[in-house]
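*Asks:* Okay, handing you the structure first.
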Ligand code: FAD
């Protein structure tokens, strides 16, 4: 980049922080404004609630698969070379039960549960589990090496990498997307600042955007001190269509996330007690190694119960340009349940769109 450009990023979740970091690495002058920042736990801030693992659900040949592939390379580099990022390798075990076919979870995980998903070529040690080694209720399973992120370390890590590159941070709640320009300290006029919208589900109500194709996919979790030997993902549950079984141990003492739910259209922030009991029961059934020999759910040591709302978007995540009230806006939101595993691919595309819009402005001068 020959010229420094001014960019205001709205949002400090994984999307906003990754985009701000990549923009700053390209030499742009970046300011971030957000209602919530790393360290906060809030129903309007999804990123701290995530697992967060690399478990692609994208269909082959789609731009989502491309985002996942780009992100794999960077997460792998961070895991092997940057211990302070708070990511570690963990084996993944997927279990498919034919009776779950057509359920909400089986549809969501359809690529993940295939005999040979597209990502089998990029993740290490992908293999089929011999039938004799599967639990009796399981028809097919795979095992491979993946990565699990501890958001309590990783989000502050991204923030610190931004600070190192002179990104400025401000707390603020916008009512209209165009207000973002006022938060850039070098603001002179609307036309010389690009805005990147990384507000997640906030884009449902944010004026200038008000995207009604957004909907929450509510994820209730139980975070425990127990350790799991691997990430476990099951194609469905016997407890209802919108309940899910997954288990993952976060890096560096981040605890183990027991999931969960995938409840579309449900905005409720309060953990439901009965759901939590079912989550714990399923976790111990599928992963008895979580607790001591002979123990049941009473062997689980709960850190906290939580609910996060995945920013699901009908028609797919939105990474595109738009001019709103004279402001050049690039959107990067709506990643649903894949905001971490697609983060670098999505952010790279957003950066490319910002630079494209700046080139057009320069060409007009
Ligand atoms: P958010 O994290 O919600 O950030 C939005 C930001 O915008 C916040 O800073 C907020 O304050 C700000 N904002 C919003 N509105 C305004 C406004 N009007 N003014 C100012 N600021 C505003 N993904 C994976 O890849 N792997 C996983 O294993 C995984 N597991 C998950 C498990 C659960 C239980 C959940 C809930 C999610 C999981 N996800 C996972 C999905 C992932 O967490 C999300 O896709 C991702 O966090 C979305 O990030 P975001 O930055 O777009 O949104």
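First residue shown is number 1, and so on along the chain.
Every residue, even glycine, has its Cβ placed from backbone N, Cα and C.
Any TrEMBL annotation is an automated prediction that lacks curation.
Feature table excerpt (TrEMBL):
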- 6-352: domain 'FAD dependent oxidoreductase' (DOMAIN)
- 46, 47, 199: FAD binding site (BINDING)
- 246, 337: D-dopa binding site (BINDING)
*Asks:* Given residue 47 (FAD binding site) and residue 246 (D-dopa binding site), what distance in Å do their CA atoms have, once rounded to a whole number?
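*Replies:* Per the Cα atoms, residue 47 (FAD binding site) and residue 246 (D-dopa binding site) stand 17 Å apart.
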*Asks:* Determine the binding-site residues, out of 46, 199, 246, 337, lying near ligand 1 in the sense that the CB is under 6 Å from one of its atoms, and give them in sequence order.
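*Replies:* The qualifying binding-site residues are 46, 199, 337.
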*Asks:* Can you check which residues sit near residue 246 (D-dopa binding site), meaning Cβ under 8 Å from its Cβ, same chain, 6 or more apart in sequence, and list them in order?
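*Replies:* The answer is 51, 231, 232, 233, 234, 257, 258, 259, 260.
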*Asks:* In the same chain, outside 46, 47, 199, whose C-beta lies within 8 angstroms of the Cβ mean position for the FAD site?
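*Replies:* Once 46, 47, 199 are set aside, the remaining close residues are 11, 13, 14, 15, 16, 36, 44, 45, 198, 200, 201, 202, 311, 339.
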*Asks:* Counting only residues 6+ away in sequence within the same chain, which have a CB under 8 Å from the CB of residue 46 (FAD binding site)?
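*Replies:* Listed in sequence order: 13, 200, 201, 308, 309, 310, 311, 339.
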*Asks:* Quick check on the binding-site residues: of 47, 199, whose CB has the lowest count of neighbouring CB atoms inside 10 Å?
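*Replies:* 47, out of the binding-site residues 47, 199, has the fewest neighbouring Cβ atoms within 10 Å.
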*Asks:* To the nearest whole angstrom, what is the C-alpha distance linking residue 337 (D-dopa binding site) and residue 199 (FAD binding site)?
*Replies:* 15
*Asks:* Tell me whether residue 246 (D-dopa binding site) sits in a helix, a strand or coil according to DSSP.
*Replies:* strand
